[in-house]
Amino acid sequence: MPNSIDSSALLYRVRVAVPVYLFDCFDYLLSQQQYEQAEVGARVAVSFGRQNLVGIIMQKLPLDEPLDPRFKLKNISELLDDRAIIDETVLNLLKWSAQYYQFPIGEVVHSALPTLLRQGKPYNLLARTWKLLDMNAESKVRRSEKQQDAYKVLKLHPVGTAENILNMAGIETATLKALAKKEICECVLEPQDFSPQVVQMAQMPLSANEEQKRAIAQVLKFKNKYQAFLLDGLTGSGKTEVYLQIMEQVLKQGKQVLVLVPEIGLTPQTISRFQSRFHCHIALLHSGLNDSKRLQAWQAAETGKASIVLGTRSAIYTPMPHLGLIILDEEHDLSFKQQEGFRYHARDVALYRAHLQQCPVVLGSATPSIDSFALVENGKMQSLELNQRAGSALMPKIHILDLKVAQKQHGISLLLIQEIQKRLERKEQVLVFLNRRGYAPVLICDSCGWQAQCPHCDANFTVHRQPYQHLHCHHCGTIHRMPEHCPSCNHTELKPLGMGTAKVEEHLNELFPDHDVIRVDRDSTSRVGSWQKIYDKIQKSEPAILLGTQMLAKGHHFPYVTLVAILDIDSGLLSVDFRATERTAQLIVQVSGRAGRGERKGDVYLQTLRPDHALLNTLVQENYRTFAKQTLKERQIAMMPPFRYAALIRCESKQQNLNTDFLQKHAALLRQYPDLALDIWGPIPAPMERKAGRYQSHMVLLSANRARLHYYLKDWWQNMLSDKPSTMKLTLDIDPQELS
Ligand code: ADP
Ligand code: ZN
Ligand code: ZN
């Protein structure tokens, strides 16, 4: 009877975070020997109900801690690690996150582990290592450059090289396999080497300009204590150089650096900028990795072997024993906020982690979030400004084109077409921006005005022509055949209305038949490696038109682009979301920032039906910083975030009145608390009320006092969850970034 307890015996117990949607940790029994061996932060296998799960030890209970007689404790099934694999700081960070975002601790802790460790796989996995078999295989190696490169590298290290290192040096596994087929090399499994490597400079730093020097020196004053910085520098002002020079000093102390970038910012170009500066192990953590590569990168960070960890959002929870600096680039980017499940914001978590770790944290952007400006204003963050482009490049000039009066062809003003022509003749590149993929956003009947709508959402179908003609709902993924006639009046003239990138591509090909049009959007880059190919083309100094969605807007360095054309951002000027103008301004400035980064000055042409809009005028006549200061004032007057703290409750079910009744009932319960000091908005239907056949409602809580908001929220929210019908989906979004 392993589960019976002798009341006179000593009780060896651990408190375990188990991956289930419950807010508590659970206690388990273990033997004295296991108890002595067990470390907080190690994995254990446990049974929970009828499931076998992998949990993390959060606490070793003192032997004299009284036993709660209501619970019958089970034994743990197995100790999976003989040491902590999540260190104390990250464990505290996870606990804080679970509390702050009101999400079950077991799920939060689990999300910080790579999949293989979540599944209970042993920690010390063997690594794939490639060894040369034939030292004189020159004649067997094909003429392909890839195979020759791989052969050369293998020959340099006859004892063998780990596959991830080879991959990082640009040698693909497929190439190695091709060589193995010819018996030139072989793949063996060997224990991994986690010993730290000495960091060496691979390249000399650039000589920093005055502003860069000041920023670097200021951060380095805080090498071993907490301070948050906002590196507020124009596009192309050399923010990355500032990061690199700060990193150099921190790495020289033997410390690790964590660099977070937006999801689509982790391009080969970004990676190579870090690799070409430092000779050290760089662990890459992003969503495109397979399970074993992700585990290897995570282990390199956790053991201290990796000096630099470069990753997207979730990398913020990677254990790093010698962490000495956190950098978060493009801090305004929405991809730092997880939008489903455990909805954390990596920027806020980064600030808290730096605080726990007592190290500096640098948030950088050309268009900082209004939230960060607010932190600067109230002294919680130091601002470092870079007001000039690095090197000789100048800021581009923005020209507004009034679409109401302009002569147009295919929705593009004739003046803009001429300007594009001029640039191409000068052998320069042009970037055309339109944040709408597909062929056209609407299919309309010429005769009766019928529009093709998704049957499951309150939204129009988007027309797509590739790889075949079809209608696609961008909200729920439904795909329909193209109707041949109008279902309402039988008319056969159905017209695609408005422009998507695929339609603009057609027009540009027609207007500029002698030039390449390179389209970059989710449809054109969905195949693995296609982004790299596009990128290689862009880096060649040949005239071309790059056409794309916001994938093109972010952080990239396109040295030959001298003209940026923004075809349509009007929807962003009209949206109801209180952050819409902020996002639109960021998008305009970021896209504009792709122009004129080389030797020639850049121009930006922006088409709009609202040339008098205040936002556009502030950006053209003043700059982003002035816009941000104005927005901050407006938010203060309206008492909106960051001047109040918000929590958004999203409720989804098959019937709208079910949502409304449920939310109203719980709003009433909340109102019964004394001294509530918070506003309750709603329930109201979501901006898109019906999505994928289900109705969405919102309720927003707003309070000027964060502690108070969280105090009331906790019990109320957990009570609400246990009260909800099983067919209803309910989520809580703390500090929501989007009200949709
Ligand atoms: P940002 O990250 O602010 O957009 P980058 O770091 O990409 O800017 O810098 C833009 C360009 O300027 C890069 O080509 C970079 O090598 C160059 N650069 C940065 N700092 C200097 C400097 N101090 N002297 C000369 N060139 C620089
Ligand atoms: Zn019709
Ligand atoms: Zn739909």
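Glycine too: its Cβ is placed from the backbone N, Cα and C atoms.
Summarising the annotation, TrEMBL assigns domain 'Helicase ATP-binding' to 220-386.
Residue density at C489 (Zn(2+) 1 binding site): 12 other Cβ atoms are found within 10 A of its Cβ, drawing on all protein chains shown. Feature annotation from TrEMBL assigns Zn(2+) 1 binding site to C445, C448, C486, C489.
Annotation comment: TrEMBL describes C454, C457, C473, C476 as Zn(2+) 2 binding site. Neighbours of C457 (Zn(2+) 2 binding site), defined as other CB atoms within 10 A of its CB across all chains, total 20.
Among the features that TrEMBL reports, domain 'Helicase C-terminal' is placed at 466-640.
Among the binding-site residues C448, C473, C486, the residues whose Cβ lies under 6 Å from any atom of ligand 2 are, in sequence order, C448, C486. For the domain 'Helicase C-terminal' (466-640), the model's average pLDDT works out to 88. Taking the Cβ of C454 (Zn(2+) 2 binding site) as centre and 10 Å as the limit, one finds 23 other Cβ atoms among all the protein chains shown. A straight line from the CA of C489 (Zn(2+) 1 binding site) to the CA of C454 (Zn(2+) 2 binding site) spans 18 Å. Note on proximity: among C454, C457, C473, C476, the binding-site residues of the record, the Cα nearest C448 (Zn(2+) 1 binding site) is that of C454.
Neighbour list (C473 (Zn(2+) 2 binding site), Cβ cut-off 8 Å, at least 6 residues apart, same chain): C454, H456, C457, A459, F461, T462, I479.
If you take the C-beta of C486 (Zn(2+) 1 binding site) and look for same-chain residues 6 or more apart in sequence within under 8 angstroms, you find C445, S447, C448, W450, T492, L494. Filtering C445, C454, C457, C473, C476 by Cβ distance to ligand 3 (under 6 A) retains the following binding-site residues: C454, C457, C473, C476.
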